[in-house]
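Accompanying notes for the structure given below.
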């Protein structure tokens, strides 16, 4: 017995050393100083095929969305829909609504201005021509900050990082055009479409064409209150306007201004004030409503396209639904942790979950923990229908043009979530091998940096690394 245990232990050590040696060969393809944590395991197996620093904590980046999606399906269900309503507790007499009109925003990340227009049209058709009261923008479904802890300040005005507020219209993103002045030294000017309720100021200096100063005089945007923005920096003279897009910073103010304009366009007047309602109130009579697509459809978009807005509104909604409190980042984090432990049997231990999208630099997770999540997904995919929502290598989403996987010959064989931040290239998902086995894998690659002169070709080492790694996984399992 002792001898057999010795042989088993020796065999395990040999297997591990071979694994480590093989992974070290892959790592030689990466830039100096890159950090890799990697785990590969057959679905349903008790031990990994490759275990390389699988307990090492790393930034998950957008692989975080896998956890968010699983917790959402368990807590909210695939048929859950975000709902936006127009409500009142008053009565309509001779075309006059005697009481306040409440626009209750339910954090629908897909709500559009046209949807608000349609709800206002329904209100008009119900016989309301005048409101004897206030118009309230109800955002009570969420509370606290709309920006998660650990989001970089310089991303805040970018549309991919638009605050996932209770009130979202057209993804809380707007576009402008910046025109250089005819004369160098004069201020460039901005044009904003009238249907965007924002105010833009230009402090952008026009430079002569080819000016050396342009290299270090960068455009920047400074957000202010009530969706006022100041654009600073320089713009070399150009014949065409420069298109730009920015994230709305105050979702409630933005949505309120849009609703106010749509009421005006519909010929509905009111005697009161446009106000924000943040405290939870009993609902009134619903006079118009709009529902989103089912959650499963939204999660598919979220995972395929790595949609941060959907991920973070869903994350906060999970906290709201789990604890019956306004959705906050902390409520979402605690809810996800509890759901995974109690209903999926996955204890995420010392994992740090700060948001649902993976944008936060506070997030930390080990490959071994993510592997538990993937194993649960694979073993319950008949009821979850999860793997089909992931990007498919060579075909769609963020894996459609993943060169390393294409060179590995695994197009159509890999379904996985990507995760990218500065110096981070992650993958978490599944590969169907040449023998027909389904393997789960977690690749957390960070500290990836190249020389400034190599920036144009910075992904070449990544392509070499991934092509060799996934070709071997595909062929040898």
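One-based numbering along the chain as shown.
Even glycines carry a Cβ here, placed using N, Cα and C.
What Swiss-Prot says about this one:
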- 62: active site, acyl-ester intermediate (ACT_SITE)
- 65: active site, proton acceptor (ACT_SITE)
- 306: active site (ACT_SITE)
- 417: substrate binding site (BINDING)
- 90-263: region 'Absent in class-A beta-lactamases' (REGION)
- 1-20: signal peptide (SIGNAL)
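DSSP classifies residue 417 (substrate binding site) as strand under the three-state reduction. Within the same chain, residues at least six positions away from the residue listed as 'substrate binding site' with a Cβ under 8 Å of its Cβ are 62, 63, 65, 66, 303, 306, 390, 391, 398, 427, 428, 429.
Over all protein chains present, the Cβ of residue 62 (active site, acyl-ester intermediate) has 25 other Cβ atoms lying within 10 Å.
Annotation for the active-site residues 65, 306: lowest Cβ count within 10 Å of the residue's own Cβ, 306. Secondary structure at residue 62 (active site, acyl-ester intermediate), as computed by DSSP, is helix.
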